[in-house]
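Have a look at the structure below before the remarks.
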Amino acid sequence: MAADYDKLFRPHEGMEAPDDMAAQPFFDPSASFPPAPASANLPKPNGQTPPPTSDDLSERFVSAPPPPPPPPPPPPPTPMPIAAGEPPSPEPAASKPPTPPMPIAGPEPAPPKPPTPPMPIAGPEPAPPKPPTPPMPIAGPAPTPTESQLAPPRPPTPQTPTGAPQQPESPAPHVPSHGPHQPRRTAPAPPWAKMPIGEPPPAPSRPSASPAEPPTRPAPQHSRRARRGHRYRTDTERNVGKVATGPSIQARLRAEEASGAQLAPGTEPSPAPLGQPRSYLAPPTRPAPTEPPPSPSPQRNSGRRAERRVHPDLAAQHAAAQPDSITAATTGGRRRKRAAPDLDATQKSLRPAAKGPKVKKVKPQKPKATKPPKVVSQRGWRHWVHALTRINLGLSPDEKYELDLHARVRRNPRGSYQIAVVGLKGGAGKTTLTAALGSTLAQVRADRILALDADPGAGNLADRVGRQSGATIADVLAEKELSHYNDIRAHTSVNAVNLEVLPAPEYSSAQRALSDADWHFIADPASRFYNLVLADCGAGFFDPLTRGVLSTVSGVVVVASVSIDGAQQASVALDWLRNNGYQDLASRACVVINHIMPGEPNVAVKDLVRHFEQQVQPGRVVVMPWDRHIAAGTEISLDLLDPIYKRKVLELAAALSDDFERAGRR
């Protein structure tokens, strides 16, 4: 069933306005005439009609009682009368002002509080520091200041000017309202104390001497480094050292001393700047009170330089008496020339620790031992590899062993070292061995070496070394004195490796045999001019020349052939040396087993070596092979010798050289 909307929204009977009321115009509140009365035939509305209200909001609150006004501020105290004899006149009590009406907007807001001064950025204002110590006068210490002088100066008491105008009353704030205007009345301000006009000012309660103004501080003069800051310091260290870069106290004292300005007796020197910490200022020293010296008159050239010129001793004392903190302040960023004294525990605790960048300590690197370059091999397959590929494989073990033998041969003997080549049987190869041994020593050592033919039975040493001169030992014995090297060199012959040889006299033309005295006459000067002397002795030990040789030599070589009888004779020679007072020669003796014939011998060489190793030191038994060049019987040349034979001769020379540092000339 559909709803009947016309019936639902139809007004009730009697609620519709009549036609004449609907035609009434809109009420105008600003009209100057009253509205027309309603017609009598209008229907009476339901309920009671509320009384008419006024549109003026101010009339609504007039009937309400106004709130009590705030209490007036208490009057200021009556000032002290300036005239001493005139009592203060009593002021009439101020009449209580009428209560002002309550404003429409509510109670009057409280007056704003004065703004709080802003907190300084650097923190609360520090307490005024103690005044710095005045400079030490030239003639002596200054008097001790009293406590009143050490106290900071009090600000002067402001005096009320005569005939000051009275403070005008502040007008009451204007409060707009739609109601009747009622001005707000404020409490009258208390009147100012009357000042007597035309009378002298009364005596003040405080001393009339007002503190003099502090002397003007000169502009801080700093070096360019101080203004720029220290480039090697961190931020923490720069904050610590502000006292040195700020206005220095010593500079101000110098300026006052140079200008001749003197402070008033009641004043004190100006305190340190507020931006500087007080803990870094040295405490004032109180010297013993003495009579103050007369202040010198200001001169043209005043200051520290003038004081040093006039009183050098006092200037030195004055410089020593100044605290280090003031000196640090004057130097600024400059480097201190003298070490500062140790600070006390308080100053050390206040000074922050310097936190600079951590520098890693670099340990000095020790120079690494560089290995010597490899020596290029001169023979064998290593030599061919280096020649074809330029790859250096170093020396072979055989070449290293040969270099070690050369190093042993090059040892320096203690004085002159003489070597005797002996044997009990002729034909064992003593002469050839002496020539080969001497040539090897001369080639390796490259110094003066002399080979003497001491065989009384027609020796041929000069023929195997190489004869160049016809002179013999007999010609040297004919000299009256052998004091120079050339006295011997004039009679010797030299081969290709610089080995000198002095042959024996010709057996066919000899008048007599050589004696031990003849040997000493030649051997003594030869030991002064030659480092090594070799003697080729004959068979046996009983001839006087061989006895003379054994009395001066330091080493001996016993030669034996590869045979049973040759080995037996070599053993007998060693026993004879031990039994006849040559034990030292027998202990250092070398045994040479010489192959004088080609082919295999009829005895075992190893058995002979084992036999002689039991009588001499290890490594002093050398087996010499048969060599074709040696068997030819001509002049011996090292280049024509077999490499094996040359190696055995080198080993013999190295074995004899081991005693160069232990045994000297006999």
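Cβ coordinates are placed from backbone N, Cα and C, and glycine is handled just like the others.
Residues or ranges marked as ATP binding site in Swiss-Prot (evidence: a curator's inference): LEU424, LYS425, GLY426, GLY427, ALA428, GLY429, LYS430, THR431. Taking a C-beta cut-off of under 8 angstroms and a sequence separation of 6 or more, LYS430 (ATP binding site) has the following same-chain neighbours: VAL421, VAL422, GLY423, ASP536, CYS537, VAL559. The secondary structure of LYS430 (ATP binding site), as reduced to three states from DSSP, is helical.
Residues or ranges marked as compositional bias 'Basic and acidic residues' in Swiss-Prot: 1-15.
For 22-31, the entry in Swiss-Prot reads compositional bias 'Low complexity'.
For 64-80 (among others), the entry in Swiss-Prot reads compositional bias 'Pro residues'.
For 87-144 (among others), the entry in Swiss-Prot reads compositional bias 'Pro residues'.
According to Swiss-Prot, the compositional bias 'Pro residues' annotation covers 188-205 (among others).
Summarising the annotation, Swiss-Prot assigns compositional bias 'Basic residues' to 222-231 (among others).
The compositional bias 'Pro residues' annotation in Swiss-Prot covers 284-297 (among others).
Swiss-Prot lists 357-371 (among others) with the feature compositional bias 'Basic residues'.
The feature region 'Disordered' is assigned by Swiss-Prot to 1-378.
The binding-site residues under consideration are LEU424, ALA428. Their Cβ neighbour counts within 10 Å are lowest for LEU424. Within 8 Å of the Cβ centroid of the ATP site, not counting the listed residues LEU424, LYS425, GLY426, GLY427, ALA428, GLY429, LYS430, THR431, the chain contributes GLY423, ALA539, VAL559, SER561. The Cβ of GLY426 (ATP binding site) lies under 8 Å from the Cβ of GLY457, GLY538, ALA539, each of which sits 6+ residues away along the same chain. Fewest Cβ neighbours within 10 Å among the binding-site residues LYS425, GLY427: this applies to GLY427. Sequence-distant contacts (6 or more apart, same chain, Cβ under 8 Å) of GLY429 (ATP binding site) comprise VAL559, SER561, VAL592, ASN594, ILE596, MET624, ILE630. A 10 Å cutoff on Cβ-Cβ distances gives THR431 (ATP binding site) a total of 24 other Cβ atoms nearby, all chains included.
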